[in-house]
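Student: Below is the structure I would like to discuss, written out as structure tokens.
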Amino acid sequence: MTQQPKIPRATAKRLPIYFRYLTFLHDAGTDRISSAELSDAIKFDAATIRRDFSYFGALGKRGYGYDVKALLDFFANVLDQDSLINVALIGAGNLGQALLNFNFHQSSNMRISAAFDVDETRAGTIMAGVPIYAMSELTEQITAQRINIAILTVPQGVAQEITDKLVEAGIKGILNFTPLRVTVPNNVRVQNVDLTNELQTLVYFIDNYGSITTGL
């Protein structure tokens, strides 16, 4: 992957959405698309799309729009789609098992390659094709499989302790499904996913703003 310019966090969060929809268009045989058409499909305003794309230079042509194949190839490079990314799942309970069954089937370059759990009856088994390891094997497997991203689905009470172990093992990114906002060094990035908070926010918007569609 080539060195990419620094872009705003909000733009970075939209890039996978662009890539997924461009993949759909390419598979459907669509050759080109305008920012207005893209806006209508993914519900981001056209000005936002054009601004996002402008961070990477001239990706389209005035009066023509965007070449779908060229844009897809460009974002595949930006998102490093040619590299297989192994991900560790920490916690093979109900949510963890759901994520194992999902296992990023819509992504061609990411997979959960190892899961870890404190329950000794789960360690040594295979769920949805993924081996479950004991927590004592965490550092060994993360090193052996060159994993630098982990998904955290453990109880809140042990979330920080497990996070510390992940950092010590060399993890650089954590997708945190626990309610706890874990503390990590500056060189480790955490993305928090709080389903309860998201639902409460959704209820608030419905109650106060109706069914207005909003983007990121």
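The backbone N, Cα and C atoms fix where each Cβ goes, and this holds for glycine too.
What Swiss-Prot shows for this protein is this:
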type	residues	note
DNA_BIND	17-56	DNA-binding region
BINDING	Gly91, Ala92, Gly93, Asn94, Leu95, Gly96	NAD(+) binding site
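Are these features on the surface or tucked inside, and what are their neighbours?
Tutor: In this chain, none of the residues that are 6 or more apart from Asn94 (NAD(+) binding site) has a CB less than 8 Å from its CB.
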Student: To see if you understand the setup: which same-chain residues, six or more apart in sequence, place their Cβ under 8 Å from that of Gly96 (NAD(+) binding site)?
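Tutor: Looking at Cβ-Cβ distances below 8 Å from Gly96 (NAD(+) binding site), excluding near sequence neighbours, one finds Leu89, Ile90, Ala115, Asp117, Ile151, Thr153.
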Student: If H, G and I count as helix, E and B as strand, and all else as coil, what does DSSP give for Gly93 (NAD(+) binding site)?
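Tutor: DSSP call for Gly93 (NAD(+) binding site): coil, neither helix nor strand.
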Student: Among the binding-site residues listed here, Gly91, Gly93, whose Cβ has the fewest other Cβ atoms inside 10 Å?
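Tutor: Among the binding-site residues Gly91, Gly93, the lowest count of other Cβ atoms within 10 Å belongs to Gly93.
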Student: What's the most sparsely packed of the binding-site residues Ala92, Leu95, counting other C-beta atoms within 10 A?
Tutor: Leu95
